[in-house]
Amino acid sequence: MPTVLGFEGSANKIGVGVVRDGRVLANPRRTYVTPPGTGFLPGDTARHHRAVILDLLQEALTEAGLTSQDIDCIAYTKGPGMGAPLVSVAVVARTVAQLWNKPLLGVNHCVGHIEMGRLITGATSPTVLYVSGGNTQVIAYSEHRYRIFGETIDIAVGNCLDRFARVLKISNDPSPGYNIEQMAKRGKKLVELPYTVKGMDVSFSGILSFIEDVAQRMLATGECTPEDLCFSLQETVFAMLVEITERAMAHCGSQEALIVGGVGCNMRLQEMMETMCQERGAQLFATDERFCIDNGAMIAQAGWEMFQAGHRTPLSDSGVTQRYRTDEVEVTWRD
């Protein structure tokens with residue numbers, strides 16, 4: 001019964017998780033929250049992670065009721081992500097692996113989301129909509145790779161939402177996306193925004209530029225409310241995501257859709273995806289904020305699969321990479 005400890009810290013979340021044979025034994029997490037109207041800078045985020053990561057490690061071991069002797073492998077996020085936070089976590093993972101004399105595994109962040117989603121929901125071979133602050137991809141598994149069928153050609157959907165939140169000075173606590181979702185529920189007017197789907201790919205930078213340009217003028221003249229703008233932005237970008245996911249499902253002949261990534265917590269996105277799946281006679285799988293949002297257990301779970309398949313990361317190759325595509329990983333643990 002291998003037990004894997006996973007470190008995640010690719011953006012503003014820092015988490016340490018413990019997984020044993022498909023059971024999440026611990027999954028504590030902290031979030032670096034900045035003032036309204038601001039984002040998080042790599043250096044500041046890395047300092048936050050360094051300040052709390054050892055406490056999180058102890059918290060995870062205590063919650064799981066384990067000691068270092070019970071851990072069989074140390075997994076960490078190799079990428080993609082922000083450089084400084086990735087490095088700060090990788091250094092700790094390497095150090096712990098050497099101190100405890102455990103094998104090390106560098107995990108692709110995106111693959112971690114997918115494997116966690118599959119574990120928690122029981123989805124067998126879904127078309128995956130991966131939506132977060134740094135990534136937007138439609139993925140399906142084929143011949144030992146997670147193949148990318150469509151993706152953003154500029155910024156991620158989560159980044160679009162986060163940057164719009166700064167325009168309206170929406171709080172970053174617990175997250176700007178969550179607060180936009182709550183405001184959107186009170187929106188009553190749909191403001192027409194650019195809808196940009198290019199084949200299987202999507203673009204969010206034009207929508208963001210447009211709404212940044214008109215937001216203050218429309219609010220000042222009373223044409224709409226902040227809630228209306230949140231509602232309109234969500235409806236538009238989520239419709240784009242549903243469209244390309246449905247197209248990928250049709251291409252693959254898939255009867256399952258799985259939403260992963262931090263934006264996947266959004267109940268309106270889940271509702272729109274559920275409607276599409278029902279119309280296709282397909283099934284939607286999604287998780288809640290414990291596992292959608294970046295967390296250590298997802299890295300531990302992907303690490304567990306890799307460990308069982310015989311993967312190991314030598315110390316000489318245990319760096320990080322900010323650009324690490326989902327389809328670069330050879331998925332040897334699936335048929």
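For all residues, glycine too, the Cβ spot is worked out from N, Cα and C.
Lifted from TrEMBL, the feature list:
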- 29-300: domain 'Gcp-like' (DOMAIN)
- H109, H113, Y130, D294: divalent metal cation binding site (BINDING)
- Y130, V131, S132, G133, G134, D162, G177, E181, N266: substrate binding site (BINDING)
Give me the non-local Cβ neighbours of G177 (substrate binding site): same chain, 6+ apart in sequence, Cβ-Cβ under 8 Å, ordered along the sequence.
G133, G158, L161, D162, A165, G262, V263, C265, N266
Across the domain 'Gcp-like' (29-300), what does the mean pLDDT come to, as a whole number?
97
Give me the count of other Cβ atoms within 10 A of the Cβ belonging to G134 (substrate binding site).
19
Which has the fewest other Cβ atoms within 10 Å: H109, H113, the binding-site residues listed?
H109
From the Cα of D294 (divalent metal cation binding site) across to the Cα of S132 (substrate binding site), what is the distance in angstrom?
9
For N266 (substrate binding site), list the number of other Cβ atoms lying within 10 Å of its Cβ atom.
25
In angstrom units, rounded to an integer, how far apart are the Cα atoms of H113 (divalent metal cation binding site) and G134 (substrate binding site)?
13
Suppose the divalent metal cation site is H109, H113, Y130, D294. Which further residues of the same chain have a Cβ inside 8 angstroms of that site's Cβ centroid?
S10, C110, G112, I114, S132, N135, V260, G261, G262, M298
Can you grab the distance from H109 (divalent metal cation binding site) over to G134 (substrate binding site)? Cα atoms, rounded to a whole Å.
11
Would you mind reading off the Cα separation of D294 (divalent metal cation binding site) from G134 (substrate binding site), to the nearest angstrom?
11
